[in-house]
Amino acid sequence: MLLVNNPGDWGHIYAPLAHAEWHGCTPTDLIFPFFLFIVGVSIVYALDSARQVTPHGPLLRRIARRAAVLFGLGLFASLFLDWDLSTVRIPGVLARIALVFLACGVLFVKTTWRQQLAVLALLLVGYNVLLQLVPVPGVGAANLEPATNLGAWLDRLVLGEAHLWKESKTWDPEGLLSTLPAVGTGLLGLLAGQLLRLQRLDAASRVAWLFVAGGAALLLGLVWNSWFPINKSLWTSSFVLYTGGIAALTLAAFYWLIDVQNYRRGLTPFVAFGVNAITAFFLSSLLARGLNRWQVTGQQGPTGLQNWLYQTFFVPYIADPYLASLAGGLACVLIWLGVLWVMYRRGIIIKV
């Protein structure tokens, strides 16, 4: 996500590092659903023992507190250096993570895996019905267009245009209605995590079943795509199954490699990012905004410090603008890797 969010030049991005314009799915579109999937998996590992203790009140309050902190961090990141509540974007990446964590945490504590599977099916089918059959007030027939679909209408009604994504102002890719199927992505991770914790199966069998489940979800997503297109901004039901299937297959592959084959070499950078993932995302967002607001004088007049650094240290030395932009993004990743590596080596893990 650091690489995708911090290119040297937003006008020159290789296609795999950009989001699909609307329908469709690029490698970049996999990042957020993969993260929500892992949120679901991590809930199982973090709360499996705690949920055995009743009553569940203290555990549910702990889940709610963590969700509130995540939501608050998202609002702070949106407000940073503006401090204008009248125009702050309320939805966002951290807000969606908070809501998915809250919903999946409560469901994990209070329901069985079969009930979770039923909730998943209800969310995906129900969302499909809402977006393709329910008329949009003030617009007319149900549709999947950016500004006129039911989710966009609900965002404007409840939140108001001033509090939506500034690039569109009429809809939000992390809007209210699409958070429902996003919970479905978390539920897929929840189910995968419980499969990996199933003690009556050996490790090889758990991997095999996860491969089967991931492949089935992927194929079902592709079939569903024929009438409810894969779309990240709408977080369509087909998108949930397609990306969740790929996430499950990826998790199965790494589980086999690391936990079954005990392979460890070269994985420390990924571990360093993983244990402080929210910290890296949050602080990098603040830093990027700060660097963009810090005005300096360049050859073409006043510009943000981040752009000045890119124009000074990358553009003159790399002729291809796409390659230069990629190099700028990779530099950002390496800088944060250095920070997170030091934190990891010193045992500093910031838990939200």
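Glycine is no exception: its Cβ is also placed from the backbone N, Cα and C atoms.
No curator has checked TrEMBL annotations; they are predicted automatically.
According to TrEMBL, the feature domain 'DUF5009' maps to 21-118. The annotation transmembrane segment is assigned in TrEMBL to 30-47, 67-83, 89-109, 116-134, 175-196, 208-227, 239-258, 270-288, 322-344.
Between the transmembrane segment (30-47) and the stretches 67-83, 89-109, 175-196, 239-258, it is 175-196 that has the most C-beta pairs under 8 angstroms. With DSSP states grouped into helix (H, G, I), strand (E, B) and coil, the domain 'DUF5009' (21-118) comes out at 71 helix, 1 strand, 26 coil.
Only residues 6 or more beyond the boundaries of the transmembrane segment (208-227), in the same chain, are considered here, and those with a CB under 8 A from a CB of the stretch are 128, 132, 188, 191-192, 195-196, 201, 237-249, 251-252, 255.
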